[in-house]
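K.L.:
Below are the features I grabbed from TrEMBL:
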type: TRANSMEM; residues: 16-35; note: transmembrane segment
type: REGION; residues: 53-75; note: region 'Disordered'
type: COMPBIAS; residues: 59-75; note: compositional bias 'Basic and acidic residues'
type: ACT_SITE; residues: HIS139; note: active site, proton donor/acceptor
type: ACT_SITE; residues: CYS199; note: active site, acyl-thioester intermediate
Amino acid sequence: MGNRRESSNFNKTANIMLVIGLLLLAIPSGLWLYAHYYQLSEAKKWESTIKAGSTQTGKKHDNATKTAKNDPKKTDLTSLADRGVYSPGQDIAFLIIPKLNLRLSVIEGETWANLAKGPIHVSKTAKLGNNGTVLISGHRTMYSAPFHNLHELAPADKITIYTKRAVFTYEVAQIKQVMPDDWRDVTAKGEPRLILSTCDPIYSAARRLLIISRLIQASPLK
């Protein structure tokens, strides 16, 4: 009887451990599926905006060649910049990085719930198209890990961001690794810039990887 009882208890413990193991495997998969589905549904909503932006910029969408027409230094950015208040959780822009084959909706507000969906705009930084630094952060390993390969970007690579009223093209100017509490690049004033940020190295939050880009092209959507 004692051996049977011990065997039964062992089987119960083994079954419980098996269930726990399956749950631990299922949770990351579920989070990935949730983020992936969310981004797919948002991409469909942005299709018409992206089409309008591609028509407006033509072939310059990919090479961001400067012209008097779309050079940000010769463009009235006040007519293109976002001026209203972003609502927390709002999808404010669509990010395209051709080199990484990334197409992502950008969400307003630095909360865990928003980061679970994709990259987020840090609310205390500049709004898109305005002078100063726009900071967009994303996970590198968790959920769908949208910025997993961010380290593959190099100077001169292009990043395009669509809003409801304009398309902005940035060129990577500098890549840095900084401590998590180093905000000097983010708080820098002056010309319009974009910083993409994620943890560094992969599977660690010891530092932050910053992809610092300058605005080279701005065009209204028509």
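Using the three backbone atoms N, Cα and C, a Cβ is placed for every residue, glycine included.
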K.L.:
Just to be sure I understand the packing, how many Cβ atoms besides its own are within 10 Å of the Cβ of HIS139 (active site, proton donor/acceptor)?
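P.N.:
The answer is 19 other Cβ atoms.
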K.L.:
For the residue listed as 'active site, acyl-thioester intermediate', what is the tally of other C-beta atoms lying within 10 angstroms of its C-beta?
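P.N.:
The Cβ of the residue listed as 'active site, acyl-thioester intermediate' has 21 Cβ neighbours within 10 Å.
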K.L.:
Please report the Cα separation of the residue listed as 'active site, acyl-thioester intermediate' and HIS139 (active site, proton donor/acceptor) in Å, rounded to an integer.
P.N.:
7
